[in-house]
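> Dumping the structure here so I can ask a few things about it.
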């Protein structure tokens, strides 16, 4: 390919990859399979390698991270990034509203239009776009001077390296919050504990630690994301309000929360605050309050700023999700990789409406650092679905009877040697036949998100182990009706159901089978990538590290873990036995020419005949796409009982709304 043809093709590939990055990471509406995306990305890398003079700073290939820096350079913000004044009560909100009205000399009875947004618990940053290209990214710092973290921010997939649309502004400074979703935070901490590294205390610390890496390649491996919420300096564009500004950011491809809303007066703010309080635990990321801003930019300018905070905005904080209780005992437990984790048994206490009786202590180094002892009075914190953690010891409450739990000399489950690996914080059982590791690996294999052996839970698996009927996961496929009838209080019907569940698991999707194997560092998402890329367990078992590294989102650590797993003779024998028993994982392919091909569905509310995930699979099996949010490109919204904001948005956008029965008629070909 000559240079001119290469230049044209590179431009096409970059535009296409940017479009699909935006669809995947911002809109949650992927149109390509991972394999199709990877093919585009590899073609771009190959062409840029052949024509290095055509590489540009805004190319998607620049997201991978570069050589480590010695230190971050400083960046002075053109307009200071101010902090917000806090409010905690209904009275505080009313007082803020009254101050705004007094400052604007509004007549009695006139209400202010506010924009309310969730207050994200992450790291504040500023993005600078010059003529549409991201040139500088920096942290807030002290509000006047921050750190230049441009290379790291370029690895965040939801941040466009180039703005969408024609005629971008000469200068657009955008402020926002970089954060780590809760599910990603849990995966990251689980991975760190397996690797013997100290876990992050909370998602905010994880986001800050990830973004402030001197080696941007480490940042690139962390699934950070961002929501934009405020302007800095702007030249070449003009906005009249916060609502108009957020709308313009969306049109330019920048990530903006879908929960921002214009409200009127104190009543509107309070209603929004209560709504977010209720939604807080259902969100996939951590929020710690609500930000309230005067919507009108002219009114914001009239109100002005104090030395450290604007007069036109306030942060309404949620009550803390903490409680004080007593550690009644500390119990070591063994995971499926042999890591021994201390867990605190607590005097039951209610935190944010949930009764908490256990808290993770992570590892012995963390216990020593916090000086946590049995009998201590402690402060615990619960965040979303994250396991509660001890955040502080109230040493002033000690009586002298408290005692520290030392690292066990032997595995509490099998008595094998316990080793603390150098440069790791993890303590591991070295027993190859440790019953706790075997138990946890079988529980994981049979679990709902893995092989989904319905009914075969922890209680029955422990009985199988106690009776010596299973020694690893392959033994599950050798069980008979007579084996189950040896259980306490086991009926023939239940035994038959368990055998049917095991039999049904033989045809599970390949991605589930890969996840079920318990390969270190391979979660559900990575398992799906591997299933798409290799198509069979045999192909994956033969894959080289180089082949694995060619897959988007697979790094050296994961690749090495996968090859190590399949090079192990015992693991290969286990898989061979399962295949001989009839385990035949399937690869789901979208139906070509299905009745929903090219159509996007969104499900909201409670469905009667099936779960939402089952309905989404039905759509995908007919060639359609099941999205998580409503947009102008949504074709149908299927509304069940108690449908919420998605139904309202569908009506606003004129999207066709279907009842559950109407969706079934379409599925069965009656419409």
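All residue numbers here begin at 1 and follow the chain in the order shown.
Heads up, the Cβ atoms here are built off N, Cα and C, so glycines get one too.
Per Swiss-Prot, the features are:
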- 119: active site, N6-AMP-lysine intermediate (ACT_SITE)
- 34, 35, 36, 37, 38, 83, 84, 117, 140, 177, 293, 317: NAD(+) binding site (BINDING)
- 411, 414, 429, 434: Zn(2+) binding site (BINDING)
- 591-671: domain 'BRCT' (DOMAIN)
> Where DSSP helix means H, G or I and strand means E or B, what are the helix, strand and coil counts for the domain 'BRCT' (591-671)?
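Final tally across the stretch: 27 helix, 17 strand, 37 coil.
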> Between residue 293 (NAD(+) binding site) and residue 414 (Zn(2+) binding site), how far is it from one CA atom to the other, in Å?
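On Cα coordinates alone, these residues lie 59 Å apart.
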> Going by Cα-Cα distance, which of the recorded positions (36, 84, 119, 140) sits nearest to residue 434 (Zn(2+) binding site)?
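Nearest candidate: 36.
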> Could you tell me the mean pLDDT the prediction assigns to the domain 'BRCT' (591-671)?
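For the domain 'BRCT' (591-671), the model's average pLDDT rounds to 78.
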> Once near-sequence residues are set aside, which residues in the chain of residue 429 (Zn(2+) binding site), 6 or more away, have Cβ atoms under 8 Å from its Cβ?
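Result: 334, 338, 340, 411, 413, 414, 416, 417, 418, 436, 437.
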> Near residue 36 (NAD(+) binding site), how many other Cβ atoms are within 10 Å of its Cβ?
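Its Cβ shell of radius 10 Å holds 13 other Cβ atoms.
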> Give the distance between the Cα atoms of residue 119 (active site, N6-AMP-lysine intermediate) and residue 36 (NAD(+) binding site), rounded to the nearest whole Å.
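Answer for this pair: 37 Å between alpha carbons.
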> Take the Cβ of residue 84 (NAD(+) binding site) and count every other Cβ within 10 Å, whichever protein chain it belongs to.
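Result for residue 84 (NAD(+) binding site): 18 other Cβ atoms within 10 Å.
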